[in-house]
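What Swiss-Prot records for this protein:
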ACT_SITE  Cys324  active site, nucleophile
ACT_SITE  Glu358  active site, proton acceptor
BINDING   Gln190, Tyr218, Asn223, Glu239, Asp299  S-adenosyl-L-methionine binding site
Amino acid sequence: MTPEHLPTEQYEAQLAEKVVRLQTMMAPFAAPVPEVFRSPVSHYRMRAEFRLWHDGDDLYHIIFDQQTRSRIRVDSFPAASALINQLMTAMLEGVRNNPVLRQKLFQIDYLTTLSNQAVVSVLYHKKLDDAWREQAEALRDALRAQGLNVHLIGRATKTKIELDQDYIDERLPVGGREMIYRQVENSFTQPNAAMNIQMLEWALDVTKGATGDLLELYCGNGNFSLALARNFDRVLATEIAKPSVAAAQYNIAANHIDNVQIIRMAAEEFTQAMNGVRQFNRLQGIDLHSYQCETIFVDPPRSGLDSETEKMVQAYPRILYISCNPETLCRNLETLSQTHNVTRLALFDQFPYTHHMECGVLLTRK
């Protein structure tokens, strides 16, 4: 695979290899046959980051080869959304012959939605002044005149200039309802929107008929907790990043959801609070013990669950675990399988044509 060519004819074979690999990894835990969710074969990535290479009068996007670190020119990127591909061309056309916008420009980040909105961040090794803002506003207006619904952000050391806003609103059909998700520049969002819809609908399916409340750790912008709120009496969710918490609060209001409470704290801190080890001012007014959480949802970083959180989640009858790293999932399952059985398993092909796998498991207490 190269950045400008996807081996789409090999899609089914690469997916079959992942299925076999996941089944092998999960065999020690008596997991069921995985439910397999396919990605679109192209234009599936909703965000992308590129370095910029200045070559005389020419200017182009590059990425670095992960093995050799050699640079690879990228004029089109079929893994990314059609909107990103349009913007890649339009941005370079607008910047290439503009000294104010081009000088010291070293990176462009693109974030797009299925609702056809975009935030483009341009990163510089220089101070951004009024002249830059004037030229950037002219570029933004020119892009919009081409029918591109785009917001521009300038970044430099200790500087962030939003010409309008630093977010876009995604709209996803999930289980027969349209969900609105505010996505903030430079914050985590699911990269493959089509796969995200399938992940949300799978999570809805496996929690159908659930009783009691839901606890979610690492909730981000509320991606899962808001979609799952319809299946539970109440949802209590934690997240550490301020922009993500603010986006989650917006999303609660935008979706007219009244049974979700977001707490800004790390999973490790929440574990301490639940165990009575520490008290937190952020929890004033929230009676943790009034929640009857019979299901816990975790979507941890690649490092998986730490040992204390492992112990904490074992206290819940049902554990729903979304993993972007099956190796750390299996490490966690060595502990979790002592008290719980794996009753559902899913493979989500979030990153086609790569080694990476995303998977989901539902564990129920023995």
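The chain as shown is numbered from 1 upward.
Every residue gets a Cβ built from N, Cα and C, even glycine.
Proximity of Gln190 (S-adenosyl-L-methionine binding site) to non-local residues of its own chain (separation of 6 or more, Cβ distance below 8 Å) is seen for Met46, Asn196, Met199, Asn223, Gln350, given in sequence order. Listed binding-site residues near Cys324 (active site, nucleophile): Asp299 (candidates Tyr218, Glu239, Asp299; Cα-Cα distance within 10 Å).
Most Cβ neighbours within 10 Å among the recorded positions Glu239, Glu358: this distinction goes to Glu239. Listed in chain order, the residues near the S-adenosyl-L-methionine site other than Gln190, Tyr218, Asn223, Glu239, Asp299 are Phe188, Glu216, Cys219, Gly220, Asn221, Gly222, Phe224, each with its Cβ within 8 Å of the site Cβ centroid. Cα of Glu358 (active site, proton acceptor) to Cα of Glu239 (S-adenosyl-L-methionine binding site): a span of 21 Å. The Cβ neighbour count for Tyr218 (S-adenosyl-L-methionine binding site), using a 10 Å radius over every protein chain in view, is 22. The recorded positions under consideration are Asn223, Asp299, Cys324. Their Cβ neighbour counts within 10 Å are lowest for Cys324. Residues Gln190, Tyr218, Asn223, Glu239, Asp299 are the ones the record ties to S-adenosyl-L-methionine, and the longest Cα gap between any two of them is 15 Å.
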